[in-house]
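J.: Below you'll find the structure I mean.
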Amino acid sequence: MNLWQQNYDPAGNIWLSSLIASLPILFFFFALIKLKLKGYVAASWTVVIALAVALLFYKMPVDHALASVVYGFFYGLWPIAWIIIAAVFVYKISVKTGQFDIIRSSILSITPDQRLQMLIVGFCFGAFLEGAAGFGAPVAITAALLVGLGFNPLYAAGLCLIVNTAPVAFGAMGIPILVAGQVTGLDSFEIGQMVGRQLPFLTIIVLFWIMAIMDGWRGVKETWPAVMVAGGSFAIAQYLSSNFIGPELPDIISSLVSLVCLTLFLKRWQPVRIFRFGDMGASQVDQTLARTRYTTGQIVRAWSPFLFLTATVTLWSVPPFKALFAPGGALYDWVINVPVPYLDKLVARMPPVVHEATAYAAVYKFDWFSATGTAILFAALLSIVWLKMKPSAAIQTFGSTLKELALPIYSIGMVLAFAFISNYSGLSSTLALALAHTGSAFTFFSPFLGWLGVFLTGSDTSSNALFASLQATAAQQIGVSDVLMVAANTTGGVTGKMISPQSIAIACAAVGLVGKESDLFRFTVKHSLIFTCMVGVITTLQAYVLTWMIP
C-alpha cells in the first residue's frame with residue numbers, strides 16, 4: 001500500500017489551517033461549557049467532526065482514518081480503562097468489607113479539617129501514586145477516598161485533578177522525561193533537571209490555590225503553615241532528586257518526604273478553625289467515627305488494600321520487572337503485539353515536526369500481565385484473601401464496578417479515538433506548528449504546546465512523544481535552549497491534565513458523577529489556563545533573564 005504523507009498546511013496558510021484543525025477542540029469546549037452535554041455525547045460528536053476534518057481537509061484516506069479511530073478506541077479500553085476498573089474495584093472492596101470506616105477514622109485522627117485531608121490524601125498520597133503508576137490511577141483512587149471522607153464529589157474530583165499538577169511530569173517512574181529524551185536525542189537527565197527547576201515554584205502555588213478554592217482567603221491564612229510544610233518539603237525534595245538522582249524517582253521521594261513532614265507537623269499543630277464542607281451529612285458520621293479508637297493492627301489491616309496496591313504498582317514499575325516484558329526479555333512472549341491493519345507504517349510524519357520523513361508506527365499492545373491495571377487487580381485479589389471477603393461477594397462487587405463504569409469506559413474510548421485521529425491525520429501537528437510560528441514570543445507559548453498535547457492525549461508522555469522534537473527545532477530557530485523548551489513542553493503539559501477529556505472521564509467515573517463531565521470541566525478549565533500562563537512566564541524569564549537556571 002502507498003505511504004500517505006501528512007500535510008500540515010493544507011490551506012496554504014498556517015493560521016487558516018490551524019483554525020480549521022482546531023474545530024473539533026473548539027466544539028468539545030463549547031459542548032461541555034455551553035451546551036452542557038454529557039461527556040460521552042460530546043466525545044462522540046468530537047470524533048465525528050475530527051473525522052470530517054481529517055477526510056475532507058487533510059485528504060486522509062478513509063481506511064487510514066477509520067483504522068486510527070478504532071485503534072484509539074481500543075487503546076482507551078486497554079490499558080487506560082483497565083486501570084480505572086481495577087482501581088475502583090480496590091476502593092469498593094475496602095468499602096464492602098467495612099474497612100473504609102477505619103481508614104476514615106485514621107485520617108480523622110490526624111486531622112478532622114478537610115483542607116488538610118486534601119493535602120494528605122489528594123496531594124501526598126496522590127503524588128506517590130502518580131510516581132508509581134500514573135495514567136489516571138492517582139486521581140481515580142484519591143478522589144474516591146476523599147468522597148468517602150465526606151467531600152462533595154465535584155470538589156473531590158476537581159481538586160484532585162488540580163492538585164495532580166505537581167507530580168505529573170515525573171509520573172510513572174519518570175516516563176514523560178525519558179520519552180522526551182528519546183524523541184529529541186537530548187539527555188533526559190538534563191531535561192529532568194530543567195523540569196526540576198520549574199515545577200517546584202508551581203507546586204507551592206498550586207497548594208495555596210487549592211486552599212483558596214476550598215475556603216477563600218481565610219483558608220489560605222489559616223492553613224499556610226501546613227501548606228508550607230507539605231509544599232515546601234515536596235518542592236525541595238523534587239528539586240534535589242531531579243537534579244542529583246535522575247528523572248525516575250522525584251515523585252516517589254518527594255511525596256514520601258512531604259507525607260512524613262506533614263503528618264509529624266500535624267501532630268503538633270492544627271488550624272484555629274476546623275473546616276468541613278457543610279453537606280452530605282458528613283459531619284454527623286464523622287463525630288461517631290472520630291470517637292471510635294482503633295488499634296494499630298486494625299488500622300494497618302484497613303489500609304491493606306492500598307498498601308497492597310502501592311506494593312504491586314511499585315513492583316510492576318521497577319526496571320528489572322519491565323525488562324522481563326521488553327523485546328528480548330524472558331517473558332516477552334506474554335505481550336501480544338498486533339500491527340493495526342490499514343494504518344501501521346502507512347502514514348508518514350514529515351519535517352519540521354520530525355527531522356526526516358518517518359513512517360508512523362501503529363502497533364496495538366495487549367500486555368495482559370505487565371499492564372498497570374493488572375498490578376492493581378493483583379492488589380485487589382490479595383485484599384480479598386487478606387480481608388477474608390467471600391468469593392461470591394467479590395465477584396458481585398466486580399460486576400457492579402463494570403456496570404457502573406460502562407459509560408465512562410465508552411467515553412474514554414471515544415476520547416482516545418479523537419486523540420489518535422488527531423495525531424495520524426496531522427491535525428495536532430498543524431496546531432503545534434502554528435504555535436511555533438509565534439517567533440520570540442514562543443518561549444511564552446511553548447508550554448501551551450505541551451498543554452495542547454496533554455489535552456488531546458490525556459498523557460504528558462504522549463504529549464512529549466508528539467511535540468518534544470518540534471519544541472527542540474523551534475528553540476534552535478529562535479536561538480534559545482532546546483533543553484528549556486522541551487522541559488517547558490513537559491511542565492506545560494501538567495497544566496493540561498486537569499481538563500483533558502480522558503482525565504475528566506476517569507475522575508467522574510471514580511466519584512459517581514457520570515454524565516456531569518461538563519460541570520467538572522467548567523470547574524477546572526480556568527485554573528488550567530491560569531497555570532499554563534504562569535509556566536509561560538517562568539519559561540520566558542528562564543530563557544531571557546534567568547539563563548543561569550538552565551543546566
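Cβ coordinates come from backbone N, Cα and C, glycine included.
Pulled from Swiss-Prot, these are the listed features:
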- 13-33: transmembrane segment (TRANSMEM)
- 37-57: transmembrane segment (TRANSMEM)
- 69-89: transmembrane segment (TRANSMEM)
- 131-151: transmembrane segment (TRANSMEM)
- 159-179: transmembrane segment (TRANSMEM)
- 194-214: transmembrane segment (TRANSMEM)
- 244-264: transmembrane segment (TRANSMEM)
- 306-326: transmembrane segment (TRANSMEM)
- 366-386: transmembrane segment (TRANSMEM)
- 405-425: transmembrane segment (TRANSMEM)
- 438-458: transmembrane segment (TRANSMEM)
- 530-550: transmembrane segment (TRANSMEM)
J.: May I ask you to check whether the transmembrane segment (244-264) and the transmembrane segment (131-151) make contact, with contact taken as at least three Cβ pairs under 8 Å and only pairs 6 or more apart in sequence counted?
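T.: By the criterion, they touch.
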J.: Count the CB pairs under 8 A between the transmembrane segment (306-326) and each of 69-89, 159-179, 405-425, 530-550, then give me the winner.
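T.: Stretch with the highest Cβ contact count: 159-179.
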J.: Top stretch among 13-33, 131-151, 194-214, 438-458 for CB pairs under 8 A with the transmembrane segment (159-179)?
T.: 131-151
J.: Quickly jot the same-chain residues contacting the transmembrane segment (194-214) by Cβ under 8 Å, restricted to those at least six beyond its ends, or write none.
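T.: Cβ under 8 Å, 6 or more out: 114-115, 118-119, 122-123, 155, 158-159, 162-163, 165-166, 169-170, 177, 220, 223-224, 227-228, 230-232, 234-236, 238-239, 241-243, 247, 250, 275, 483-484, 486-488, 490-491, 494, 527, 531, 534-535, 538-539, 542, 549-551.
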J.: Would the transmembrane segment (37-57) and the transmembrane segment (405-425) count as touching if the test is at least 3 Cβ pairs under 8 Å, pairs 6 or more apart?
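T.: Contact confirmed: at least 3 Cβ pairs fall under 8 Å.
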J.: Among 131-151, 438-458, 530-550, which stretch has the highest count of C-beta pairs below 8 Å with the transmembrane segment (366-386)?
T.: 131-151
